[in-house]
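These come from Swiss-Prot:
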{"type": "BINDING", "residues": "17, 18, 19, 20, 21, 51, 52, 53, 54, 55, 56, 99, 100, 101", "note": "GTP binding site"}
């Protein structure tokens, strides 16, 4: 029987323009420095299809002509487009297949994975209705203290990045 390797997942959730992408960039930079092979998945929650990466290129033409899956590879980089009804479980399987060590997900607010919530305003926490929160990151200058036993960090605090990385590496924070 094959052993299933652990595959830590952490979600970063928050409202639009709350700073999710900037925070994720900081995590990715530090993970890269530490040799962690971190996958990153973003949910396009704004309606419609995401913008194409290959506008007007051959793979875009293949897609327009009816291909369900197109890809282009060069210098070890693969760009893949697949027209399917993707559920999160299937996307996670894809990242595992690609042999990443762990996965950082932006969005998919209702998914059951451990979440770091990015807040512009304290009131956003209740409005998000997120479950399985492991930490809160706030952006305002005013100091926010612990919330219901959860660790709370300012967005500029490097310890916030360390906390998320420890979760992704399967370490206790």
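Cβ coordinates are placed from backbone N, Cα and C, and glycine is handled just like the others.
Among the binding-site residues 19, 56, the residue whose Cβ has the fewest other Cβ atoms within 10 Å is 56. Across the binding-site residues listed here (17, 21, 100), the residue whose Cβ sits among the most other Cβ atoms within 10 Å is 100. When secondary structure is read from DSSP and collapsed to three states, residue 19 (GTP binding site) falls in the coil class.
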